[in-house]
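Visitor: Below you will find the structure I want to go over with you.
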Amino acid sequence: MTPVQARTALGFSCAGHAVSHIYEPIFYVVALVLPAQFGVSYEGALALILAGKLMFGIAAPVTGWLGDRWSATGMMAVYFLGVGGSAVWAGLAGGPVEMAVALTVLGVFGSIYHPVGIAWLVRTAVNRGQALGFNGAFGALGPAVGGVSAGVLIDLFGWRSAFLIPGGLTVMIGLAFVWMLARGVIIETKTDARADPAPDRRDTVRVYGIVALTMLAGGLIYQATQASMPKLFDDRLGAAWGDLFGGGASGIGVAVMLVYGIAAVFQILTGYLADRLSLKSVYVGMYVLQAPVLALAAVATGLPLLLVAVLMVSFNIGALPAENSLLARYTPSRWRSTAYGLKFVLAFGFSGLALPLVGLVRATTGDFAVLFLLLSALAALVVVVGLRLPGERPREAAPPAPDAVKAPVAAAE
C-alpha cells in the first residue's frame, strides 16, 4: 500500500463514518415537522425510524461477514451508493408508510459501515486508539452536521430537502469511491499494520462477555440521548437558544451541532489516552464521569442544559476508541469485521429499543426526567461490570507487515 493509497483509505473511512451518523439526527429534526405533514403525532413520527434503527444493527453481522469473506472495499462502495439512494427515497416519500420503508432500507445499507469500515481502518493503524479517535471524531460530526443542516434546509426549502441534498452528496461520494477503486487508488488489504501478541484465551472470553453487556448499555444511552435531544432542547432551552442560535428548527439544529461538535474533539483526546493508558481505565473512566452528568440532565434547563448535554455526549462517545481497541486487541484480523458486526447488533440493533422508550417516557410523563435517571443507572451498571475487565497497559507492537504503510493520521497520530 502506497502513502497515497493509505491516505485515500483513511479519508474515505472517515467520510463513511460521518455519513453513517448523519441521517438519524436529520430524521429527528425532520420529525418535529412531520406531524403537520403526515397527520401523525410526534410519537408516531418518531416510530417511523424504528425498523431502520433495528436493521442498522441487526444486519451488521451479515455485512461484516461479507466484508471478511468477499471484499471490504466492495462493501464500502455498496454502502455509499445504497445509503445515498435510500436517503433520496426518504426525501421523496409520499406518506408515513413509504417513509418507514425507505428508512428501513437506509438502515440495511447503513449497517455496512461500522463492521466493515472500522475493521478496514484498524488494519492500517499502528496507533489504533488515536486512529479510532480521529475516525470517531468524524462519526460525532455526523450528528453535529446532520442536526444543523436539517434545521437550515427545512427552514429554507422544506423538510424533503433535508434528505434529498445529503442523499445526493452521499451518492457522489460513492461514485468517487468506485472511480478510485477502479483506478487502483483504493485497494484491499488483509494484513494488519500492527501485529499484537496473541491474547490469553480466558481473557478473550472474559472481555467478550463483559463488553457485550457494556456495549448494549452504552448503545442504549447513546441512542436515547440522540433521539431525545432535539425535543429536550425544544422543551427546556426556552428563550435562551432562540437568543443564541435563532428560532425555528435551525436553532435546535445549531444547538445539537454544538454538542456533537465539541464531543468530536473530545473523542480525539480519548483516542490518544487509549494508546497511552490501559484500555480498561479509559473505558470505565468515561462511564464513571457519565453517570452523574446523566442524572443532572434529568433536571437541567436553560443554558446549563447545553453544558450538561456536551458533557454527557462527550463522555459517552469518548469511551468508543477504547471499546473498539479492546475488540481489535482480542479478535483475529480475519474475523474482525464479523466481530464488529456482532458488536453493532448490540450497539445499534437491540439498543434501538431506546427509541420506543423515549416515546413512552415522553408520552407518559410529558418530560424526559425519568429517562435520564434510567440512563444514569445504566452508566453506573457499566462501571460495576467494566471493573471486571482484565487490566493491561498498551504493549509494544510487532514490526509492521511488509505491505503495511503508515497512513499519516492512522499510523502516526
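Using N, Cα and C of the backbone, Cβ positions are placed for all residues, glycine too.
Note that the structure is a prediction, hence the values are computed from the model and not measured.
In case it's useful when we look at the structure, here is the feature table from TrEMBL:
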type	residues	note
DOMAIN	4-394	domain 'Major facilitator superfamily (MFS) profile'
TRANSMEM	72-93	transmembrane segment
TRANSMEM	99-122	transmembrane segment
TRANSMEM	134-157	transmembrane segment
TRANSMEM	163-186	transmembrane segment
TRANSMEM	207-224	transmembrane segment
TRANSMEM	244-269	transmembrane segment
TRANSMEM	281-300	transmembrane segment
TRANSMEM	306-328	transmembrane segment
TRANSMEM	340-362	transmembrane segment
TRANSMEM	368-387	transmembrane segment
REGION	393-413	region 'Disordered'
COMPBIAS	403-413	compositional bias 'Low complexity'
Visitor: Does the transmembrane segment (72-93) come close to the transmembrane segment (163-186), meaning at least 3 CB pairs under 8 Å for residues 6 or more apart?
Guide: yes
Visitor: Counting Cβ pairs under 8 Å that are 6 or more apart in sequence, does the total for the transmembrane segment (99-122) and the transmembrane segment (368-387) reach three or more?
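Guide: Checked: the transmembrane segment (99-122) vs the transmembrane segment (368-387), no contact.
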Visitor: Sort out the residues at least 6 away from either end of the transmembrane segment (306-328), same chain, that have Cβ-Cβ distances under 8 Å to it, and list them.
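Guide: Contacts with the transmembrane segment (306-328): 118, 122, 128-130, 132-133, 136, 139-140, 207, 211, 214-215, 218, 221-222, 225, 229, 232-233, 237, 241, 255, 258-260, 262-263, 266-267, 269-271, 273-274, 279-280, 282-283, 286-287, 289-290, 293-294, 296-297, 300, 336, 339-340, 343, 389.
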Visitor: Would the transmembrane segment (340-362) and the transmembrane segment (207-224) count as touching if the test is at least 3 Cβ pairs under 8 Å, pairs 6 or more apart?
Guide: yes
Visitor: Just to confirm my parser: what is the rounded mean pLDDT across the domain 'Major facilitator superfamily (MFS) profile' (4-394)?
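Guide: Across the domain 'Major facilitator superfamily (MFS) profile' (4-394), the average pLDDT comes out at 86.
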